[in-house]
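J.: Below: one structure in structure tokens.
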There are 2 protein chains.
Amino acid sequence: MDSASGLPTLAVIGATGAVGAVMLDLLSTRRDMYGEIRLVGSDRSAGRILRVRGRSVEAVPLTREVFDGVDIAAFAVPTPVAAEWAPVAAARGAVVVDGSPAFRSGPGVPLVVPEVNPERVRERPRGIVAGPGCTTLSMIVALGALHRRYGLRELVAASYQAASSAGRSGTDTLYAQLEKVGGDRALGNRAGDIRGVVGELGPFPAPLAMNVVPWTGTPAPGGWTSDEIAVRNETRKVLGLPNLKVSATCVRVPVVTAHSVAVHAVFEERTNQREAQEILARSPGVVLCDNPETHEFPTPSDVVGTDPTWAGRVRRSLDDPRALDLFLCGDNLRKGAALNTAQIAELVAAEQTG
Amino acid sequence: MDSASGLPTLAVIGATGAVGAVMLDLLSTRRDMYGEIRLVGSDRSAGRILRVRGRSVEAVPLTREVFDGVDIAAFAVPTPVAAEWAPVAAARGAVVVDGSPAFRSGPGVPLVVPEVNPERVRERPRGIVAGPGCTTLSMIVALGALHRRYGLRELVAASYQAASSAGRSGTDTLYAQLEKVGGDRALGNRAGDIRGVVGELGPFPAPLAMNVVPWTGTPAPGGWTSDEIAVRNETRKVLGLPNLKVSATCVRVPVVTAHSVAVHAVFEERTNQREAQEILARSPGVVLCDNPETHEFPTPSDVVGTDPTWAGRVRRSLDDPRALDLFLCGDNLRKGAALNTAQIAELVAAEQTG
Ligand SMILES: NC(=O)c1ccc[n+]([C@@H]2O[C@H](COP(=O)([O-])OP(=O)(O)OC[C@H]3O[C@@H](n4cnc5c(N)ncnc54)[C@H](OP(=O)(O)O)[C@@H]3O)[C@@H](O)[C@H]2O)c1
Ligand SMILES: NC(=O)c1ccc[n+]([C@@H]2O[C@H](COP(=O)([O-])OP(=O)(O)OC[C@H]3O[C@@H](n4cnc5c(N)ncnc54)[C@H](OP(=O)(O)O)[C@@H]3O)[C@@H](O)[C@H]2O)c1
């Protein structure tokens, strides 16, 4: 606890990354819950000056001592780094909030989305609380709201994932490829043309500019990707539905930031289009944007940089009164990562402050 | 019938459009089934010189007389033009093959995909045969093959539709927008930035460059789009399954040509991943491209300009042995339009020739 302010001390691990940058922005624009804030990067970033809460703060490298006196450690680093260092932070007394996949499926680690299962944050025998991945986070707040009314039974999801969920190198690669293809009208009419022009593929397994790539994550059994399996496991864990039927197809699209998901959800109860729209409209963390006649539906370019999950294209299935189709859109760096971590950290801070 | 060759006379109506251009290409590179070929455009294109079968042919405007002596009239024109002129052509004795939505749902008009229901081409009391829309055509050949083995019961589809299915103006708009956004790194991080830069929206209801737009077609009841309803009606009609459960979400993506669809299909019978892959691999008109470990899956930039439907990411549902998830990709101007029309015309030509 920060002795001057009586407020918790926060460390941001990975403050120099894509998610870290948004975290600093959130810490600067939301109600201030913290005393000291320590910013941590890799050795490469030691000494870099970052801005948070209107002040300059020097990034320090990741060491054991960095956690001394830290109450809450927010992790936004690659999985292996989180796997190694989160237990170190916890052993030194910090409550860890981790946004990486390292602990999401772990026993004794709650997987928390504050709008859906905030109570779980207190059940953390290992001192670690995890947040789901950005694809799950793009839909779970809206789905959770509909689940509370209708009882979710089955989920089919197809994603439209942005480049920045592959970190800074994802964003850099897409910009570089877009620069190369520009408005070149010779492209896009013959197979392979784009492959010959875009240059580096970066973290993607195929060209992303002027293309879509039906693969995100790493190979999992049965032809699935790790991201697709994660959507299934995380949705089940957050909603407390261990037998929920889930089929996801994860696809990367040439968008810089903001994920979208086309959702087909089957419920226990009969649904109603108007009522579902009202439920979404009044759910905290969700904005309903659903008036297609006047071209109102969420698109990534309209929601990037905003906090909520945007819901639109709400339709009741023509063939099953218990099924709804909808289109959800959210910023993968905000609710999909930094914001969810910040919200969990605030729940812990509120607990600690009294 | 062309008296010199004994082969049918073909008229291509809309020869100067996006689909028409691909039709001329197909007529030039496939086995020649026709005697005379007449090329028809609007008044605007009268006198334009087009190339087909290695020769120059002058485009003529659309008049009643254009159909004199025509055996087969392939229509690739906007819906109202087809609605008005297809009956004129049929009344003058031509068999009409129409790729527009004008007659797809009409009684007495067969909806034909030659790999799936070729026998239907002969049942044409109105002298008109229609082909489905490009979204249905991106999946129906692969789905039809799986249906024959397992019996399709339910279909959930999310599309990734290319700009060129909105015609030449769709393609032009996307290129112009890509030219404006180029690799501009200031874009894509704040809501509305892209909207301020892309300029004309063309036929799309929102910016398409660096974005995805969950809307194609016109408003239909219940919040659906005409395209989404068409996928349902056309799939039912082509497969002869009037009660098939179908939910589609149609989304435009910043790709010039080649549609993709993420498909979740539930069957009557238990499915098997390996067997489903083999069925697809040996189905005429389908290419299996499914080895994610070596980055083999279909993407639009790899399939554009090719004839078949490309199938990949074949997975059996982890929660339902009767369900398969897969990712399909096909050129919307080829199998999605011109090729399917050409194939139907060839069935009719073969009938007429003997
Ligand atoms: N991007 C998203 O949409 C998203 C969404 C949900 C979850 N996540 C998760 O968030 C985490 C961070 O993702 P990101 O997109 O922000 O990645 P990123 O842009 O590559 O940033 C990685 C951060 O981790 C730091 N780091 C790397 N190796 C380190 C080491 N050995 N020791 C200490 N710090 C190290 C980097 O510091 P330097 O700058 O010094 O290299 C940087 O601050 C990942 O676990 C990711 O799975 C990301
Ligand atoms: N693009 C696709 O992926 C796709 C897929 C499936 C089905 N379709 C259907 O195919 C049809 C053509 O689409 P498209 O993409 O090729 O459109 P397009 O590029 O706009 O071409 C339209 C064609 O129709 C002609 N035309 C327009 N008005 C006419 C009139 N009043 N009289 C005679 N000809 C006229 C145009 O001639 P001018 O050049 O002289 O204007 C041009 O040849 C549409 O019904 C569309 O729904 C398209």
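Every residue, even glycine, has its Cβ placed from backbone N, Cα and C.
Bear in mind that the values here come from a model prediction, so they are computed numbers and not experimental data.
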J.: Give the range, chosen from A:6-27, A:248-269, that TrEMBL lists as transmembrane segment.
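T.: Of the candidate stretches, TrEMBL labels A:6-27 as transmembrane segment.
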J.: Where else in the chain does the transmembrane segment (A:6-27) make close Cβ contacts, counting only residues six or more beyond its ends and a cut-off under 8 Å?
T.: 33-42, 45, 48, 50-53, 59, 62, 66-67, 69-77, 81-82, 85, 89, 94, 99, 164, 167-168, 171, 333-334, 337-339, 341-342, 345, 348-349, 352-353
J.: By the count of other Cβ atoms within 10 Å, pick out the sparsest of the active-site residues A:Cys134, A:His259.
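T.: Taking A:Cys134, A:His259 as the active-site residues, the minimal 10 Å Cβ count falls on A:Cys134.
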J.: At the Cα level, what's the spacing in Å between A:His259 (active site, proton acceptor) and A:Cys134 (active site, acyl-thioester intermediate), rounded?
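T.: About 8 Å separates the two Cα atoms.
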J.: Determine how many residues of the domain 'Semialdehyde dehydrogenase NAD-binding' (A:9-124) DSSP places in helix, in strand and in coil.
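T.: Once the DSSP states are binned, the domain 'Semialdehyde dehydrogenase NAD-binding' (A:9-124) shows 40 helix, 28 strand, 48 coil.
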